[in-house]
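I have placed the structure first, in the form of structure tokens, so that the comments after it can refer back to it.
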Amino acid sequence: MVQAEALEHKSPNDPKVYRVVKLDNGLQALLIHDPEIGKQKDEGVDGGGAAAAAAGERPPGAASPSDEDVDSLLSGDEEGSEMDDEEGSSEDGSGSDGEGSEHEHVHRHHAHHGHPAGAVKKAAAALSVGVGHFTDPWNLQGLSHYLEHMLFMGSDKYPDENDYDAFLTAHGGASNACTEEECTTFHFDVKPDSLRPALDRFAQFFRAPLVKSDALDREVQAVDNEFSGVLQSDGCRAMQLRCHTAREGHLFRKFGWGNRKSLVEDPKAAGLDVRAELLRYYKEQYSAERMNLVVLGGEGLDTLQQWVEELFADVPGGRGPRPQYGDAGTPYEGSRLYVLPAVRDAHRLTATFTLPCLTGKYRKKAEEYISHLVGHEGAGSLLSLLKARGWATELSAGVSDQSSVAWLFEVTVTLTEAGLAAGPGAGLAAAGLLFEYLEMLRLAGPQRWAYDEIATIAQMRFRFQEEEDAADYAAGLASDLFFYAPQDVLAGQYLYDDWDPELATQLLAGMTPDAVRLDLCTSAYDDVKAAVLAGMPGAGGGTEPWFNFPYTEAPLPADLRLSWASAAPSAELALPQRNDFLPTDFSLRCEQAADGGAAADGQQQQQQGQQAAAAAAAAGQADVTNGDAPPAPDSAAFPSPPALLLDAPGLRVWHKLDSAFRQPRANAYLRLHSPAGYASPRAAALSHLLIKLLEDRLCETAYLAEVAGLHYGIWWEGCAGLDLKCYGFSHKMPALAAYIASCLAGLEVAPEPFARVKESLLRNYRNVNMSPSKHASYLRLLALKSCFWQADEVLPELERVTPADVQAFLPSMLAALHLETLLHGNLTAAEAEGLAKEVHVTLGGGQAAAESRPTERCVQLPKGCNMLHRAPVKNPEEENSVVEAYYQMAADTVVDRALLDMVEQLLYEPVFDTLRTKEQLGYSVHCGTRRTHGVLGLCVVVVSGAHGPAHLDARIEAFLAGYTETLGGMSDEEFEKQRASLLAQKMMKDRTMLEESDRAWDKIASRSYAFNALRDECTHLRMVSLQQVRDFYNTYLAPSSVTRRKLSVHIAGRAHAAELAAEAPAGVALVAAPQQLGKDLPLWPAMLGDAHTCC
């Protein structure tokens, strides 16, 4: 008998309806009815069907995702989209390098990036099975991860191994999966009207997968490629060292990634039939009662339950509850130091403490209380003292791993050179201060006020909870059902209602020098190794067998441990101060009285927006070509644009009062442009260092704001200027923005923070382009951008900069300032204008005209060109090679953008299926559009540890040549299906106010001011014909085209370095210096809009 229970404990801001059901086979399902999806289905808004598109009709709510995502590499930016496999790169090139603890399998991931608008939301589903790599057999390590891959490769009902992904791509969807220690989670999203057939295909993973013999080698190669992609990741190497050095025979020693050696070579030598072992593992471990399913759609709960019963009732069960490993024992031996070489120029010390499994104690959250205090960055904090002594630049603290074995609490400190060398060396002086801070907490005793403050913030976040991506939300809930009782699963992470001072005391009591494990990842490995071997009795070394790097280990000396355990806390250490940034005013400006209040203000602004759109249409701003009809007028399905409140010398202010999300939040974006900021490599170095010094100055105060749900970011956008973003709860947001401006205007450059901050920034510059894929993008942008100082030009200037240089530079940068701002959310026009004026005056009140700002332009590649630039990997140990093949098209118009996006929609899944799945060129394969300073293009990117760039580029060209025939034979029915899928992607509703703000800011920052570009593109997408798309492809992408513009960047890995000296293929022109193209070739016209007639 199926059991069902309604879930009532949810955020007051959540309109969705929930039900938990348990099927007879034991599978637990959480059903979610989203009334907004149901409403759009009732109104016929689903992204536009094929019939509507064929008839040229214009369903309401048509919109497109932003085509102007910022791709910031070092000090440059590019507006683009579809950067699937690249993590966001910070302006100093120090973004993530893919370091993480999960094995994430991105399968044909076709989720457009950016912040789309419109009235459409997606349906989604996820299933988490409660087994992961802890369950792997010792003689087949990585088997869980391998099985995760194989389940995508067809089923009895849908035997085509590409059926699931092809269906999702054709219906506006995406899929993903990841394998962790004790669970493996699969999820997808899709157009709401396609949820039932997508769910049917998904269900077959867990009913009757084929695990095809002919797919085994291809997918093990995919697993191996995935592993090769993290071989040079410092985070992954450190994590694997912790696995390798766990206690002998402990579950933590398992190699969860898997690779060809663990899954093919070793099993073959042992006489194992790997396919039989996969099937055995599947039958023994993938049992219904170990599964949590989440289904989110617009249908009623009864309908969703009926679907789940029909599709999942036959999932085999009977194997009992998911395995638990509470008797496995502690994973690590305490009081030991491990040292490993860093790939990047960095020194990071991690202290790990083993906590008991705290699953079931989620209402207490004693570990969160401790991480809040240890990880605090305010006055009196551990980080504050480390900085004051010049030993560290960053610190993080918290639980990094949760399993039934144990929970791991980690404190990671980013050390300076002085911090590495201080005291006994090897970063151990910083560890000594950590133990002083922990002792201070023990002596002070549990602080109920601090816990209550955390609880208040959590309750505030829960009360005003914002919507998440549908697939991410479903996947998170599916795995959360293993940790929270069903009735608490929606609120579990926010519950702080069982203060347990005894538990907090118990956990702190276990954080001692005798219990700690210390891991130092350092680029000074040889020196530290020598010092450890010479100065620590019992020290030795070894080699991690899977990643093949050396390491050194030693027991911490008894006298050192004793000194740490007995040390009195330093006088500079103190408990955090109470947080004055906690908001108390949650009133909504849009609900104020209409007689002169915010509601009237909002109505006036809406009228201004409509007047601006009308003026734009009258002025011919609609960008209509080839006789196409003009875009449809604005509708309720699309957010109204921000209004231009003020345009004065030195200051331009955009504003929009929110009445859609009805949240007490606001977002402030400020771009500070100064001609002095990027005039030379030296100016770029000074600007960048100034920002980092400002961040350091803000740290202690801004951290309090961040804890209270008020965030900021500041970064350099090269020639465009300095960007500042404040976002979060609106009550104290103006105060934070004003404080940041005052700190910048009055910044005093002291020697101690200068030395520490400069060292950190120098290290970031030295680490630029360590990721081969980012290196390729960097070089492409270097070739295309008219204004881009290279890291190699900025670095020597940065090395010479002194505190006096920065102090002298600040007034010159502020002297000729122009400030452009967007203020959106719970702020009236008067409040927004007042804040903008206050910031402007604080920064000196510069009077530069908006028109005086320089325009960034893109290099115009000649028609018919086939250019190639080659470069070696920066890290000499890097095995991966990269090809980034860029095809430049035309200056951006709404018609060409619609055609390009349609081409990309058609190409994306076949590119992945052909080059990655069938040819196994590499794990990371994707294509995506680019918009570089108003010029359209498309990139195909392949990262491979097995093949050199020349082969990869040739296979890309072969695919494009073959696709000419595929496109020529495409049926109208298939084209309409793909069109509807693309429209569904582009018509996704903004989930949060921040998404709407980001999209509007894209248009302001690019100076196009084309706020209705998304709406207009959807209008044109409904009118483009299959023949137009063929013509566009044959002109700009087909290898046979005599007018195609191609620039390919090859990054050669260690094994393929010989290609750098090879002759260029026939018809290919080698580019020795990509930055020279901007000097030798013409530039595309600047693509600027008019702020006063924006559409």
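Positions of Cβ are set from backbone N, Cα and C atoms, glycine also.
Database features, via TrEMBL:
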type	residues	note
COMPBIAS	34-44	compositional bias 'Basic and acidic residues'
REGION	34-121	region 'Disordered'
COMPBIAS	51-63	compositional bias 'Low complexity'
COMPBIAS	66-90	compositional bias 'Acidic residues'
COMPBIAS	106-115	compositional bias 'Basic residues'
DOMAIN	121-233	domain 'Peptidase M16 N-terminal'
DOMAIN	275-454	domain 'Peptidase M16 C-terminal'
DOMAIN	462-795	domain 'Peptidase M16 middle/third'
COMPBIAS	597-623	compositional bias 'Low complexity'
REGION	597-639	region 'Disordered'
DOMAIN	903-1001	domain 'Coenzyme PQQ synthesis protein F-like C-terminal lobe'
Candidate ranges 121-233, 275-454, 462-795 - greatest C-beta contact count to the domain 'Coenzyme PQQ synthesis protein F-like C-terminal lobe' (903-1001) (under 8 angstroms): 121-233
Secondary structure content of the domain 'Peptidase M16 N-terminal' (121-233), with strand meaning DSSP E or B: 50 helix, 22 strand, 41 coil
Local confidence of the domain 'Coenzyme PQQ synthesis protein F-like C-terminal lobe' (903-1001) - pLDDT mean: 95
Composition by DSSP (helix, strand, coil) of residues within the domain 'Coenzyme PQQ synthesis protein F-like C-terminal lobe' (903-1001): 60 helix, 20 strand, 19 coil
